[in-house]
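Colleague: The structure under discussion is supplied below as structure tokens; questions concerning it will follow.
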There are 2 protein chains.
Amino acid sequence: MDLHILDHRLRVTSISKSGLANFTHPLIKLIFLRNRTRCKFFSLTETPENYTVVLDEEGFKELQPSEHLQVEGSIWLPLNVVSNGNTSSSSQAVGVTKIAKSVIAPLAEQHVSVFMLSTYQTDFILVREQDLSVVISTLEEEFNIYREVAGESTPVQSQNVSNGLHKNGKEALQSTVHPVLIPLNQFCVMSLDPDTLPSIATTLIDVLFYSSSPKEDPHSAQDMDCIKFFSFSLIDGYISLVMDTEAQRRFPADLLFTSSSGELWRMVRIGGQPLGFDECGIVAQISRPLADSDISAYYISTFSFDHALVPEEDIVSVTDMLHHQRKEASSS
Amino acid sequence: MDLHILDHRLRVTSISKSGLANFTHPLIKLIFLRNRTRCKFFSLTETPENYTVVLDEEGFKELQPSEHLQVEGSIWLPLNVVSNGNTSSSSQAVGVTKIAKSVIAPLAEQHVSVFMLSTYQTDFILVREQDLSVVISTLEEEFNIYREVAGESTPVQSQNVSNGLHKNGKEALQSTVHPVLIPLNQFCVMSLDPDTLPSIATTLIDVLFYSSSPKEDPHSAQDMDCIKFFSFSLIDGYISLVMDTEAQRRFPADLLFTSSSGELWRMVRIGGQPLGFDECGIVAQISRPLADSDISAYYISTFSFDHALVPEEDIVSVTDMLHHQRKEASSS
């Protein structure tokens, strides 16, 4: 299989709930006005805590510094696994499950932090630029690795990378097993022809910028059975949307499409306290057992928590599995 | 004829060019999200100097105080002349020309400041709430005057008004004759079914919020042959748009409609220095000779200047007339 290091240098940022109005102007430009921006990688995810915005440096320029904007200090690079058809996989699963053993587990073992961004089209594995040499040396046995620069893919090997292997020297640690939350709402993962984006503009603007009550308390929201979660991304011209069925009903049914008819997903939110960006192995902890059971999963990291989406019909076995995992961790 | 004092209490405000981004959130709500606001009277006009926003108190609540927001101190009430069909008018003219002699001239003689807002549908004459008793006593001979309150129209007469006649006691003055600017661009006055507003949302957002270069210098813009002028209003569910032909080309031709096929208008901007809100007779000065010549005119006041729109085919005679008026004023 091929692994591509994409030609985007990304920032991971968070806008506070109360500060969103201050960022409406640049965000609407980034979402709807393709001719006015050179941003090619944009993702906005609303959670009860905040809005996570992941975007390239062209997009990042649009965001004015503010008390409402938090910016993670690193440059992140998106990796993307491309099945080149030669590899016959017995798995029918999609999403991070496909890359759990080949990418996510090895990176976790090398203590490389990853920030996952699943979309309708593919799964982006974001790694820090400073970890790139470790990433390459870790994954080059399994993958043909290419670096994309200005539309050209160039094969890379660890010796090509300056400084060579910069293996993270930490000892293997037993990862913390984080508490999980399994809200009751059902989610859909959808896409949209970019040319029809104007048709849903006012609905999307309403949902993204005007649907949160300013009085919403993230702590009380965490106690609720249903979680506020809405994700929009526009990456290299492809649109992906993740929303619950309540939000979905607000959009015209004929414009948004999903892979299989009406496939619904349930969410597992990982983390009791905000996870931060330095802990490794969080994605691996969830994706490994899902891969063992061949259960599809989308995975979306945000500024505070991680979110896995698993098929509705698998939520009982996933819940059992997570329960078992947590029982083992507390008894060990 | 009937004159209605409409049930809107309006504020006249101005947003600086550089401050618009801070107001994108409330303005997009007021323009596109009718279900999220109780604002019933909203008008936004871009000129080279600033953005003039006229809106009712429900809308005004949405605008946060800011160094970028100027607010005229008064409450303004919109008046509206309704031809009840009984009056046979020999004039084919539309706009302020129809009301120049019956409303605008008498109010000017009584030193009542007016702020005009012509739309595709009608012409609103805004007067200060504190001038209402003078307005009623001045116009009640010519009109049946009704005050609209909560959907009901109640006849009013000057004795019904508390404090009775509060005639402005200033002496009749010769009004200043202001310099005029006649830019070369052609304008259209259009409307749109509110249900199709979402279809043009991204274009309208682009034109309103992203088309000004931040480096635009209003003083250099004034020297230009073409003027930046774009007006959008949503009043009691009716949409009106005034834009030049260059902006018009950006919108789908099948959604916006105009009264007669492709009727084009030229602009006369009145004022060399910002006009302020206290001078009376500015509208009368322009509308009286237009009425004498039976030339249609829309008239849009903004925070800094006034703007009359006259039919393209009449611009030569209007220019001559204005030139003559100014020559007389300087020789008197």
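We number each residue from 1, going along the chain as drawn.
Cβ coordinates are placed from backbone N, Cα and C, and glycine is handled just like the others.
The following feature annotations were taken from TrEMBL:
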- A:9-69: domain 'CASTOR1 N-terminal' (DOMAIN)
- A:76-141: domain 'CASTOR ACT' (DOMAIN)
- A:178-260: domain 'Cytosolic arginine sensor for mTORC1 subunit 1/2 ACT-like' (DOMAIN)
- A:261-323: domain 'CASTOR ACT' (DOMAIN)
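Can you tell me where each of these features sits in this structure?
Modeller: Residue counts of the domain 'CASTOR1 N-terminal' (A:9-69) by helix, strand and coil are 23 helix, 21 strand, 17 coil (DSSP-based).
Over the domain 'CASTOR ACT' (A:76-141) the predicted model carries a mean pLDDT of 89.
With DSSP states grouped into helix (H, G, I), strand (E, B) and coil, the domain 'CASTOR ACT' (A:261-323) comes out at 23 helix, 17 strand, 23 coil.
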Colleague: Within the domain 'Cytosolic arginine sensor for mTORC1 subunit 1/2 ACT-like' (A:178-260), count helix residues (DSSP H, G, I), strand residues (E, B) and coil residues, in that order.
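Modeller: Residue counts in helix, strand and coil order: 26 helix, 23 strand, 34 coil.
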